[in-house]
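**Q** As annotated in TrEMBL:
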type     : residues                                                   : note
BINDING  : B:Thr159, B:Lys185, B:Thr196, B:Glu282, B:Asn406, B:Ser411 : substrate binding site
ACT_SITE : B:Thr196                                                   : active site, nucleophile
2 protein chains.
Amino acid sequence: MAVNLPLPVPEKLTAVAGIELGHAEAGIRKADRKDVLVMRLAPTATVTGVFTQNRFCAAPVQVCKEHLAARKADTPIRALVINTGNANAGTGEAGLAAAHATCAALADLLACDATQILPFSTGVILEPLPLDRLVAGLPQAISNLQSDNWYNAALSIMTTDTQPKAASRQVAINGQTITLTGISKGAGMIKPNMATMLGFMATDAKVAQPVLDHLVKQVADRSFNCITIDGDTSTNDSFIVIATGTAAVEVTAIDTPEYAALYDAVLGLSQELAQMIVRDGEGATKFITVTVEDGKDVEECRKIAYSIAHSPLVKTAFFASDPNLGRILAAIGYAGVDDLDVTKLNLYLDDVWVAKNGGRNPDYKEEDGQRVMQQSEITVRVKLARGSAAATIWTCDLSHEYVTINADYRS
Amino acid sequence: MAVNLPLPVPEKLTAVAGIELGHAEAGIRKADRKDVLVMRLAPTATVTGVFTQNRFCAAPVQVCKEHLAARKADTPIRALVINTGNANAGTGEAGLAAAHATCAALADLLACDATQILPFSTGVILEPLPLDRLVAGLPQAISNLQSDNWYNAALSIMTTDTQPKAASRQVAINGQTITLTGISKGAGMIKPNMATMLGFMATDAKVAQPVLDHLVKQVADRSFNCITIDGDTSTNDSFIVIATGTAAVEVTAIDTPEYAALYDAVLGLSQELAQMIVRDGEGATKFITVTVEDGKDVEECRKIAYSIAHSPLVKTAFFASDPNLGRILAAIGYAGVDDLDVTKLNLYLDDVWVAKNGGRNPDYKEEDGQRVMQQSEITVRVKLARGSAAATIWTCDLSHEYVTINADYRS
């Protein structure tokens, strides 16, 4: 039921020099399914990431943070290992030990230190990680390592996703071409807070560590942190950017034209990957852009946008193509902006002016609302008349299929 | 699909001296449906209420507040008028004029001032109130006025409710019996914030105005403000308590045994009526009690309880009777309690100890979780180990029927 989400074409996913990807069918939760991915990095690579703000952050997230903090110039991150089928979250000390053991096992095979490995998991929470099966799958993943394996990588991190999510782009900086390729997965439990469920992006540019750290935060706030499916912030959200440093382009500081060009490219690809997650949201039949403009600050614009995007009543109205648009006003009203003067508020659905100065626009006709609601892509635009800040959130509708998927997820 | 919600038996709803109720079929939205209710009060009655915190509060809510603020000893509130089928919200100046006109029309018929009338509406937002039909229905409602008409009153305020909600109780204070009878309606767009969608309660006790004002807030915070169906705070929430003053019992101050007895009775009945709303929540198949204990303060306990109660993933797991209880941990983790130490947290499902010190309880067995999940009434208990505060929220599951109802509500 994905909304206007074209299948990625394997041949159009460009390899990024300095990174190889290998997948395995380890039977973590189900047989005959790609469920383990190893990404091996060139020793020149810099790596950064942002992670879930959920207090129940999963064991692998904790280990990722630990290993990123501990790394030194002579012990760079050399590999990432990702499993689906089990989130290794809510698993206490045993879960931490399992995440460490995963790193140690892969480090043995790759002849590096366990702290040079970043582990990631996604799947069911509160169940012990089947460490034996995961470790047993690693040699198969390593035997598959190759640089043009992004399509299988995208397949390997899927859970309830109906389609793999991957994209590439190339951009010239100072006359040199750099390549960016990324993959993501999502589907449910999606309201990233500092990153999405899982997103990995690699470029062959050489990027200094502090620059990459700055870049990932700036990009996440304008891409993966602008999407929501059901408002459930996962325990395992991670967004990782890898710069392998094999290309001739070098980005050494933030206030440079090279940084600006790299930022544009990474942001564009990140927004594409983030929107893919929404387009393939569990049960999604509509892709909704919610833009709140003329606010006092970005925070209040985001509050109102999320309030609309999370309202089950608004989401079911979109599913039904029913212009029951008073539900949007109600969601704006309870967003928690206490001094909001609703008599100055205007609401648009694409080009249709629905509410004028807080009430129904006298010129609004139900058939105009109906026409827009029947589209598969809709923009809700709210103008607050309070200032000049704005925010945009991407979301999807709430359908029967969402309930079916989440009532059946483990079965 | 209501959960263990017995139909109210008309004969068991006790008349409250000093209040008469009259219903009408005014064709506000649909024909052949009780959709207007008038409640006429004795001149001795005191009235109080709490209302929605939604910034888009409906026109009738604004007029209620205005009339309650304006009343004087010689111009007490004499009647309430309630219509379904249209919320008169998001309707701007025209909506305010319509609410005022409704009061004026009823005041003419009852020979009092328009400011002595309180108006209420519930139904679709952003559509003009059909004032002519509402006013034309008032004589029929007045012709029906009688004190033993509570069952029809409960029927007249229903929207997507599948059952009328009404209850009575009697309590002795100082050897005198007082009567309490109340009605409520809910079903969807339910996360009351200072009151529920619509709740009306009457007693024949004589209660001083400041005492009644104190009582309604205290009770609402422990009843109607402890329920949620979909997290959507309505534009029209109102909870009204009427003390007709016809009985011999008088409550003049808060620090009296009379107040304590009245409080217990009003709270008990309010909790019953509030829980009825959850039991008849749109598509509800399970009644869920979420209790968060040992918190630093009530606010953080409520935050966590609402986070669990609003999570679409938790709600669909309840619908499926699937003990996918890691979803509860995730909802706790993103509740916004930033310094929460999850390694001290314990989670119980009824009598089953699921998570111990933040991880899966080694003694937890899936079949025990499964057994509880199959029940129609379930208690989720979270112990935070941070203090001695606690909060309880009542909610329901998220089913296919919820989507069906809200995708079809206006058709």
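Glycine is no exception: its Cβ is also placed from the backbone N, Cα and C atoms.
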**Q** In terms of DSSP three-state secondary structure, what is the assignment for B:Lys185 (substrate binding site)?
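**A** Its secondary structure by DSSP: strand.
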**Q** What does DSSP assign B:Thr159 (substrate binding site), in three states?
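**A** For B:Thr159 (substrate binding site) - judged by DSSP and reduced to three states - the answer is coil.
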**Q** Output, ordered by sequence, the same-chain residues six or more apart from B:Thr159 (substrate binding site) with a CB under 8 Å from its CB, or 'none'.
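**A** Non-local contacts for B:Thr159 (substrate binding site): B:Thr84, B:Gly85, B:Thr122, B:Gly123, B:Lys185, B:Ala187.
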**Q** How would DSSP class B:Glu282 (substrate binding site) in three states?
**A** coil
**Q** Around the Cβ of B:Asn406 (substrate binding site), how many other Cβ atoms lie within 10 Å? Please give the count over every shown protein chain.
**A** 29
**Q** Around B:Glu282 (substrate binding site), how many other CB atoms lie within 10 A of its CB?
**A** 28
**Q** Check each of B:Thr159, B:Lys185, B:Glu282, B:Asn406 (the binding-site residues) against chain A and write down, in sequence order, those whose C-beta lies under 8 A from a C-beta there; write 'none' if there are none.
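**A** Listed binding-site residues meeting the cut-off: B:Asn406.
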**Q** Using all protein chains in view, find how many other C-beta atoms are within 10 Å of the C-beta of B:Lys185 (substrate binding site).
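**A** Total other Cβ atoms inside 10 Å, all chains included: 26.
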